[in-house]
Amino acid sequence: MFACDELLLNASTIDATGLQLSNQAIVIRKGRIEWCGSEDQLPAHFQESAKSRKDCHGQLITPGLIDCHTHLVYAGHRAAEFRLKLQGVSYADIAKSGGGILSTVQMTRDASEEELIEQSLPRLLALKNEGVTTVEIKSGYGLDLQNELKMLRVARQLGEMAGVRVKTTFLGAHAVGPEFKGNSQAYVDFLCNEMLPAAKNMDLADAVDVFCESIAFSIRQAEQIFQTAKDLNLPIKCHAEQLSNMGASSLAARYGALSCDHLEFLDENGALNMVKANAVAVLLPGAFYFLKEKQKPPVDLLRQVGVGMAIATDSNPGSSPTTSLLLMMSMASQFFSMSIPEVLSAVTYQASRALGMEKDIGSIEVGKIADLVLWSIKDSAALCYYFAYPLPHQTMVAGEWVS
């Protein structure tokens, strides 16, 4: 029998559905979970051979949290626009005066890679401080070849610097590049012919996303991008049905999407197509709150048809300027009436599915990477009850305690 590196005893844990289990033990060897289950069934040789033991005193251990939808890499901020919004100035007027997403695009283009790292790293570290061990980071504030690739390179570097697993998503189809104003189709053609192949060839993109909406890209344009991604063997995601029902979720499902995100205006047909594709619904309560939206995502429908629900921060300067996944968990339970187990699964197992990583992370199961968080609480409901609190007692990444 092999000796194990770490033995965690007397713990409360959660399963993949978010249900809490008591009197649990976890055996860790070579960065992965060697055994887990009820402590009274723990094989004796693990007790005898463990190099290190930790009595958790009944405290909660969860998988490392996963933020599966962020726009963490950008320069500057839009606090001045927020002041104008509070004074009643419309988004259209703000955009006409040079604000909105294109202001972030300009600041991001003007920033060097070093400056982007300096501004973005604290955001990633703030997530890590909450027990987040895996983060998805999208591009989408470059909107040209040079700057989209720059954003993806920075995202990769941030993961290495912070000790957080980062998955990158190419979101060149976030808005039309300013050089192509009035000719969105020419921009889409350039994206498909030049930008996306370059991101693939440089191994900078793990997935491809499209903002499919009347103010962004049409169904036909989204399909062109999805087909290009498919040809490049890149999985897809979609900003879908956020402001209206365009059928983007059904289109994305047809291309085997990992996830469809936002979904406030999702209908039954779209939900059923997501079930067929095994796509995850990524709900973003931060954007719902910050934009003062009235239409909630159809959580009851998603439950009824069996679509898995994930939660993410959508961290970005325009519609969700937050770096707290814990706060999103509280918001999801309050705004969207999600149960405690649903919320816990949404930031662990379902979030791993949204990234196509469920075989390696997202749940406490034998063979998976030992990304774990030990909390100074015994009741899992506390993670949703408090606002952005408590912080982890300790976090483990791939079998090593990092905090």
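One-based numbering along the chain as shown.
Each residue, glycine too, has its Cβ placed from N, Cα and C.
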Query raised in the report: So Swiss-Prot lists H69, H71, H239 for Zn(2+); which of D314, D360, D371, D379 goes with them?
Result: D314
**Report entry** Residue in S12, S22, S315, S319 which Swiss-Prot records at the 4-imidazolone-5-propanoate site where R78, Y141, H174, Q242 also bind
**Finding:** S319
Report summary line: Among the binding-site residues listed as H69, H71, R78, the Cα nearest the Cα of G318 (N-formimidoyl-L-glutamate binding site) belongs to R78
Query raised in the report: Fewest neighbouring Cβ atoms within 10 Å: which of the binding-site residues H69, H71, R78, H239?
Result: R78
Query - Sparsest-packed of the listed binding-site residues (Q242, N316, S319) - C-beta count within 10 angstroms - result: S319
Query raised in the report: Between the binding-site residues Y141, D314, whose Cβ has more other Cβ atoms within 10 Å than any of the rest?
Result: Y141
**Report entry** Cα-to-Cα gap, R78 (4-imidazolone-5-propanoate binding site) vs H71 (Fe(3+) binding site), nearest whole Å
**Finding:** 14
